[in-house]
Amino acid sequence: MELTGLFFYAVSLLILGGIYAILCLALNVQWGMGGLFNAGIAGFYGVGAYTSAILTTSASSKHLGGFGLPVPLGLVGAAILAGLAGWAVARICVRLKSDYLAMASIGIAEILRLVIVNESWLTNGSLGLSRIPRPLADLTTGRMGDIVFLGFVWFVVLLVYLAASRLHDSPWGRSLRAIRDNEASAAAAGKNVEKFRIQTFVIGCAIMGIAGALSAHYFRFLSPTATDPLLVTFLVWVMLMAGGSGNNKGAILGALTIWTLWSVTEIFTNRLPPEWATRSSFIRMLLVGLLLQVVLQRFRSGLLPEKSPPVKFRQE
Amino acid sequence: MIEFVNFYLFPALAIGSIYALGAVGISMIFGILRFAHFAHGDLMTLGTYGVLAMAAIVPVNPLLLIPFGMALTIVSALLVDRYFYKPLRELPTIYTVISSFGIALVFRSIVQLVWGSQNQVFSTGVKPPLVLFDTFRISVLHLQAVISTAIIAVLLHYFLTVTRTGRSMRAVADDPELAEVSGLDTAKVIRWTWIIGAALAAIAGTFAALNTSAHPNLGWNLLMPMFAAAILGGIGKPMGAMAGGFIIGLAEELSSYHWIGDDALISPSYKTAVAFVLMIGLLIFRPQGLFKGRLL
C-alpha cells in the first residue's frame, strides 16, 4: 500500500512537473532567448486553461460551453487565444524598455483574472468549471488514468522541447539572441527588432496557454484560484533562473528540481501541528524568494548554462 | 450632485492621495535607479503592519504611530538595496526588476509569518463624518489623507528644489553619467531615494489600511495603479507622480458613477482595470507621461 501510494505521488509530481516544464520552456523562449520580461505568466496560463475547458466540456447551463470538442483541439484553441492576448500586449510594449513590458504584462494578467472572476456567463465565476474531460479517457479507468495522462503531458513536453530547440538553433533564434545581446548592432544588421520581439512574445504566450490547458484537463476542475500569480508566475521564474535561462534542457531540469523541492517540503510541513503548518508555507515562500536572490547573484547561468549551437558550414 | 461629491469625489481624492504617495517612490526609484520597483507595494504592506503592531501596544491614534512604520520601511529598503539590489547594479537593470519581484514575495511572506494572513483593522472606533455647510459630508480620514499629501507635496517640492541633496537627486534622474562625472555623490542620492520612497510608502500603506483593512496583499493590489500613476506623471518627476496618483484615483472611482442612466458606467468590480487601460493608452500615445518625464 505504502509503495503504490508513493508511486502515485511520484506520478502526480511528474505530471505537474511536466506542466511546469512547458511553462518554463515558454518563458525560456521569451526571456532566455528574447530577453523579454513577462510578469503575467498566470494570465496567459489562465486564458489557456479556460479556453480549453470551455471548448471541451459538454453543455452546461452555468457557463458558456457545450462544444464538446476533442482535447487536442482544445489545446490548439488555448494556444491561439493565449497567443492573441500576448500579441496585444507585445504590440504596445516591446518598443519600450523591458520594465514597461513587465508592468503591462502584470496588468494584463490582473485584468484577465478580473474577467474570469466577474464574467460568470463565461466561466461560472468563482464556482468554477467542472467535469472537464481528460484526453484518452476511454483507455483506462480509475487511477491508471493518471499514468496515461502522465504520458500525454510528457509527449507534449517533448513536442514543445523539440520546437523550442529548433527555434533556438535556427537562424531565427540566432537573430533573436543577437537582438537580446546588442539591440543596436542587430538593428544595424537589418533585423527588424520589433517584429522579432513580437513573434517571440506571442510564441511564448501560446505555449503558456497550452500548459494552462493541460492543467485544466489534469485537475478536471477549474476555478479562478488556478491563476494564482505566486504559484504560476513566480515559481516559473525561479525555475528558469535556477535551471539556466537560455538553455532548453536547463529549463526542464529547473522546473523538475524546483517543483520537487517545493512539493517534497510540503509533505514535511503538513506533518507539523496545524498552527505551524500554515506558517511553514510562508517560510517556504520566503525561502524561494531568497533562493531567487542567491541564484541572481551567484549562479546567474543556472544549473545548465546557455550554450551557443555549433556553427555548421555547408559541405561544398 | 451632492451625492456625487460626497460619495464619489471625496473618496476618490483620498484614494488618489494614497496612490500619489506610493507613486512618488516608484517614480523616483525608476528615474534614479532605472528600474521598476515591483516590491514597492509590499514595502507599503510592511510599513502598515509596523504601524499596526505599535497600535496594539500604544493606544493612540494610529496616524501618530506612522513614524514607526516609516522607520521599518526605511531600514528594510536600505538593507534590501545594500544586500540584494546593489550587487546587481552593474548588470542590465532587468535583473534588478526580477530581484525586486522576489523581494516583494519575501516582504509578503515576512508579514504573513509574523502577523498572520487574516484581515486586521485599526480599532479607531466609528467617527462621524465632518459636515460642511450642511451638505458636504467628508470622512475625517479622507480629509487627513488629502491634507497630509498636500503638506508632503509642498515639503518634497522644497526638498527637491532648494536643498543640495534634492537638487543632486534631480540631476541624477536627468542624466546619471553627467551627474557622476560632475562629482555628485551618487551613493548618497541613492540612499535618499530609498529613504523618501520608503517613508512615503509607509504613510500611503497606513492610510490604505485605515480606509479599508490591513491584509498581506494590500500593497500588491495597489501596485498596478501606482505604476500607472508614475508613468502618467512622467518617470523621474515626483510632482508629476503625485498628480498622476490623483488622476488615477479620480478615474477609478468616478468610472463607477452612474453618469448615464441609473447603472454604474463601469462595473465597480472592474475598477482596477481602469488604471491599467489608462496606462496602456498612455504607453501608446504618450509614453513620456503627461508632464514630459523621461522615456527610459
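For all residues, glycine too, the Cβ spot is worked out from N, Cα and C.
Listed in TrEMBL:
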{"type": "TRANSMEM", "residues": "A:6-29", "note": "transmembrane segment"}
{"type": "TRANSMEM", "residues": "A:36-55", "note": "transmembrane segment"}
{"type": "TRANSMEM", "residues": "A:67-88", "note": "transmembrane segment"}
{"type": "TRANSMEM", "residues": "A:100-117", "note": "transmembrane segment"}
{"type": "TRANSMEM", "residues": "A:147-164", "note": "transmembrane segment"}
{"type": "TRANSMEM", "residues": "A:201-219", "note": "transmembrane segment"}
{"type": "TRANSMEM", "residues": "A:281-299", "note": "transmembrane segment"}
Review point. Is the transmembrane segment (A:201-219) close to the transmembrane segment (A:6-29), in the sense of at least 3 CB pairs under 8 angstroms with a sequence gap of 6 or more?
Key: yes
Review point. The transmembrane segment (A:201-219) vs the transmembrane segment (A:67-88): three or more C-beta pairs under 8 Å (separation of 6 or more)?
Key: yes
**Study point:** Two-stretch contact, the transmembrane segment (A:36-55) and the transmembrane segment (A:147-164), at least three Cβ pairs under 8 Å
**Key:** no
